[in-house]
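Visitor: Got a structure for you, questions after.
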Amino acid sequence: MAPNMTKRIYNEIKDVNDDNTTPLQVYVPNEENMYHLIGSINGPIESPYEGGTFLLDIKLHENHPFQPPQIKFITKVYHPNVSSQTGAICLVIKNKKA
């Protein structure tokens, strides 16, 4: 991995982890592979998920940031937009024209 890409990913992780408005935290489990990350989300207060910590498997594409990451839940979670089999996020986002 190019040094500038490593620096970019570290900076993006720092930005996410320093943002107090989101329950998401991101970690690098193996610094030899910066394209594979682990995320954790704390369940929102006053929701059925309150008190839970949900782990995410995040895989960045080699063309990061020009292609989106692949994200799936490691933690089993009951949600209509999460596959109970694989943890994949099953959400279709439609293009909106401004």
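Just so it is clear, glycine is given a Cβ too, placed from its N, Cα and C backbone atoms.
TrEMBL: automatically predicted annotations, no manual curation.
Quick paste from TrEMBL:
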DOMAIN    4-98  domain 'UBC core'
ACT_SITE  Cys90  active site, glycyl thioester intermediate
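Explain the structural surroundings of these features, please.
Guide: Across the domain 'UBC core' (4-98), DSSP assigns 15 helix, 25 strand, 55 coil.
Cβ neighbour count for Cys90 (active site, glycyl thioester intermediate): 10 (other Cβ atoms within 10 Å of its Cβ, all protein chains included).
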